[in-house]
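Over in TrEMBL, the protein carries these features:
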ACT_SITE  His117  active site, pros-phosphohistidine intermediate
BINDING   Lys11, Phe59, Arg87, Thr93, Arg104, Asn114  ATP binding site
DOMAIN    3-137  domain 'Nucleoside diphosphate kinase-like'
Amino acid sequence: MATNRTFTMIKPDAVANGHIGAILDHIIKGGFKIVAMKYTSLTPEKAGEFYSVHKERPFYGDLVKFMSSGPIVAAILEKDNAVEDFRKLIGATDPSKAEAGTIRQLFAKSIDANAVHGSDSDENAQIEGSFYFSAFEQF
Ligand code: RTP
Ligand code: MG
């Protein structure tokens with residue numbers, strides 16, 4: 001995967017609250033092209049693996065439980081400066097601190113259920129995209 005790509009998940013809270021369409025609209029209007037996408041879910045084992053960088057953090061158990069609590073949408077997105085620009089589009093981890101108009105400010109209710117994931121580096125975007133999609137599933 002090229003470095004002009006990032007990886008996102010629409011998290012279980014946003015899917016359950018009916019925000020898939022609005023969030024995808026926001027992403028596309030933000031200038032991102034969807035190059036891979038699937039509606040799926042994570043087992044606790046898979047969620048633990050995905051967020052294994054946070055294994056030692058106090059919120060890890062709750063995060064794994066939440067991320068495996070219901071369906072998600074996983075996608076690879078393309079844009080110049082994708083990782084940084086997507087983090088700007090989603091806003092701060094804690095939605096109460098997210099800038100007006102960002103996806104988390106608009107659609108998230110708490111730091112634990114914060115609507116979307118965005119990769120934090122080009123290297124992680126590559127790893128996370130490959131976690132869900134083979135090369136043949138990326139356009
Ligand atoms: P994400 O990986 O999901 O895009 O979120 P992020 O980069 O903004 O935040 P990160 O530090 O990677 O944390 C992953 C998720 O763990 C939960 N968290 N809770 N209670 C806390 O202090 C705390 N810190 C992080 C959040 O749900 C965050 O999205
Ligand atoms: Mg993160």
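Just so you know, glycine gets a Cβ as well, placed from its N, Cα and C.
Keep in mind that TrEMBL annotations are predicted by a computer and have not been checked by a curator.
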Largest tally of Cβ atoms lying within 10 Å of a Cβ, found at which of the binding-site residues Thr93, Asn114
Asn114
Is it possible to get the count of other C-beta atoms within 10 angstroms of the C-beta of the residue listed as 'active site, pros-phosphohistidine intermediate'?
20
Per-state residue totals over the domain 'Nucleoside diphosphate kinase-like' (3-137) - DSSP helix, strand, coil:
64 helix, 24 strand, 47 coil
Taking Lys11, Arg87, Arg104 as the binding-site residues to compare, which has the smallest set of other Cβ atoms within 10 Å?
Arg87
Measuring Cβ to any atom of ligand 1 with a strict under-6 Å cutoff, which of the binding-site residues Lys11, Arg87, Thr93 qualify?
Thr93
